[in-house]
Every structure is written in C-alpha cells, then in structure tokens.
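> Structure below; questions to follow.
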Amino acid sequence: MQITKTAVAGTLESSDVQIRIAPSTTMDIEINSSVAKQFGEDILNSVTAVLAQFEVSSAQIIIEDKGALDCVLRARLKAALLRATDEALAWEKIL
C-alpha cells in the first residue's frame, strides 16, 4: 500500500490513541505513550504487524497513546491507513 496523503484516526481521550500518518520515503514510527515503559515494545509489535498486513513500506507514523487496548490501537491504525491511500483495497488481506 502506498501512502499518498496525510490522515488521522482516533482521539487524545483516556484509553484511546491518535494516529497520524503522512507520506514519506522511509519508514518512521514515533510512539508517545503514557504506558511506554510497560507496553512500548508491544505497541511497536502491533504497529509493525498491521503495517506488514497492509504491505506498507514507507510512511511517517506518529502515535499518541493514552492507554488504548491493543484492539483499539490496531483499529485506529487500520482506519488511518485506509484514509491515507487512494489504492483499491484487497479486503481479504485486511479482514
């Protein structure tokens, strides 16, 4: 998947996560989390798994986590990715 435009998903409310995605020539992931010491590695693993599923090889991704559950993180990232591309989607890979 090619990231072609800037997109945002989520909020900065407690137990949520805001994800901002923009086009880039490299993969740049920034994680700002209130629970980074406990779950920072798990957050990064979830993000890289979703990016692999969507076949994203380059993007600037900024994650502002306020203690979101893993399912919320993945859903917000998928929403942001879908908003950031103009490509036709292979839904069988996503679901």
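Glycine is no exception: its Cβ is also placed from the backbone N, Cα and C atoms.
Feature list, courtesy of Swiss-Prot:
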type	residues	note
MOD_RES	Ser14	O-(phosphoribosyl dephospho-coenzyme A)serine
> If you draw a 10 Å sphere around the Cβ of the residue listed as 'O-(phosphoribosyl dephospho-coenzyme A)serine', how many other Cβ atoms fall inside it, taking every protein chain shown into account?
9
> In DSSP terms, helix, strand or coil for the residue listed as 'O-(phosphoribosyl dephospho-coenzyme A)serine'?
coil
